[in-house]
Amino acid sequence: MTNFFNRSPKHQSHHYQPHQQDVTDISYSMENVSISSNAMMDIDTSYRSSKPTYNNPQQQQQQQQQQQAQNNLFNKENITPLNSPTKSILHNSPQQAKSSTSPQHLYNKLVNANYNGNSPQPGIQQQQNNRALQNNINQLQPPLNKRYKLTEAEFYAKANSARTKRLTSIAQLYFLDYYCDMFDYVINRRERTAIVEKNLLTDPMYKNDITKQQFEWKNYIGRERALLRKRRLKPKHKDFEMITQIGQGGYGQVFLSRKRDTREICALKILNKKLLIKLDETRHVLTERDILTNTRSDWLVKLLYAFQDQEKVFLAMEFVPGGDFRTLLNNTGYLIPPHARFYISEMFAAVNSLHELGFTHRDLKPENFLIDSKGHIKLTDFGLAAGTVCNDRIESMKIKLQNLQNLNDFNDDSNNDNHHYQVPSSLIYERQKIFKQSQQQQQQQNSNNTTANSIVGSPDYMALEVLEGKNYNYTIDYWSLGCMLFEALCGYPPFSGSKQDETYYNLKHWKTALRRPQTKDGRYVFSDRTWNLIIKLIASPNNRLQNFKQVQQQSYFSDIKDWGNLRQKTPPFTPQLDNEEDAGYFDDFEDDEMMMKYKDVFARQEQNEQLLEKSNTTTTTTTTTTTKNGKRFSPGSKFNDNFIGFTFKHKSNPNNKFTNGSGNTGRYGNGNGNNNNNGEINLLNMVENGNGIGNGNSRSSRLNPLATLY
């Protein structure tokens, strides 16, 4: 493989530094600029005449030295990077002596060449020539704001920018993936061809019948051709059949979908491209896409397809049918210690898989952990449809935290009992009651409000250093997991208050607010090893557990002998599913009562759409193609530039598989239908509506089996 990406021999002979070599190659590859005959008629080409005569050798030597100096200057000035806004075209103009002023632009040189200075008002022929010249210049010139050449410092700053590095990585991965996939396809095709030829020559059914051999060979070639065409197709929105909505966010929706040709079930996220760009959320979408395409872990939700059109971006992800961990907690109230240990251990393993990819979540919540069909945990939502971890949200929460400094004054007012702040109670039943009341009040506020609430959210699980704007590392996710373990065992987060302001104040004074829960008779709810783990997770950055190995060594996890075998253990809860389209563990978006808790989300979405519509009215955009720098482009293409390298198709896509006309595999297996155990698809006789598929419309509420244990 490496031989396909080596430099050519002509480049290997140079011994420049890497960046100098690239710049030199680019400068040598610049094309000459061609000008029409009408323009060339008026350009002074006297400098191309025969060599001048010199009166004496000294004058000739002096002229040659000046010429050599000018040539050196010319060579230095015209080494321009390929992605510079302008390409040097001075080598088509006369070389003049070096002046103290900046070099004259080619446009001015050509215009000056058209006027001889004697006729200030040119005639009709001259005007026609000038118009022809101007048309050529318009094609040669860059935009007005980019008429300069990048300096060396600007060029290398641009080359080392995060955007350039990402595009470079995308290009490298694209070509490596393309050639590896192509070689894999060619090798498999040769193997299939050899098997077909062998069967046609040895099978008694075809051995002595030339007509049947030709017929079967023609069918085989047709299936290979169909497979090759399928491989070239890019996914589109119309390729997916929408079954039901399972999620809603400020930037788009999530639908349970089925891909029409491969019959794959997926969760399809549909996001408004213009809104993402307007609210500066493009980076979060690309981060989500990069994480999902790089992961091979069973702990992270997998990406199946990523594609876009002029208005939307689409992420077709693995459908995890068991609902989220928040739903599990709502159904049970709290978990018994063995069950809590099972789930928190899997959460640590999932978060560690994310950290190994070089990413930090920053805003882990029970809603981010899904339960798959076998009852195990998968991590999702890395900052996408629900606007998770957007910088605006963190900044607004930071301001909210700073504004609560005024609450300190209440402690000095002994005559004002209403404003006097008290440390949260350690009694578990009191805190559970307060937490339930605060949730009910929040739902009531959402149902009464007709406009979107502030972007500020509750910081129940977010580490303090994130809100304070301080430097942080991936251990902030350990803080969040500590808060979730606390809630799983007690039924409320450690810093929850009766009002949101109290929650912020508890977080700001977390060392005082974090108290070990007790029952009425004074017994501690947590065991010693459980409490020791929590205070090592919810701790200052220097005292917090620093890596996954330290987490595994805690006495709380002493019963776990093999962390690599977690997914083979029997979970305490397994979703009861009717079929692969069963979305019963997700909210029913056709139920008006259930949608009351999404009222804030819908209002925020409406507010975003109004903001986008307002910006569209102030900006004149056309749907027709226009001309820019001599090139035709569509106005919508500027949005695609923000999502370069977004398209993705997973390797196990059934369109990359091969089957014969009867449903058998390309290796003449024993399949007998359109879908076989290997997930391979019959490309010729595909049935649009598969058999044995349920309607998937059962959205009745489910009784969590764990609820009977508490």
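Cβ from N, Cα, C; glycine included.
Feature annotation (Swiss-Prot): of 1-20, 121-140, 361-380, 681-700, the stretch labelled region 'Disordered' is 1-20. The DSSP secondary structure for Lys269 (ATP binding site) is strand. Using a 10 Å radius centred on the Cβ of Gly252 (ATP binding site) and all shown protein chains, the other Cβ atoms total 24. Cβ neighbours within 10 Å of Asp363 (active site, proton acceptor), excluding its own Cβ and spanning all shown chains: 23.
With a cut-off of 8 Å between CB atoms and residues at least 6 apart in sequence, the same chain places Val254, Phe255, Leu256, Ala267, Ala583, Phe586, Asp587, Phe589 near Ile246 (ATP binding site), listed in sequence order. Taking the C-alpha atom of Asp363 (active site, proton acceptor) as reference, the shortest distance to any of the binding-site residues Gly249, Gly252, Lys269 belongs to Gly249. Within 10 Å of the C-beta of Gly249 (ATP binding site) there are 19 other C-beta atoms, taking all protein chains into account. The average pLDDT for the domain 'AGC-kinase C-terminal' (559-658) in the predicted structure is 70.
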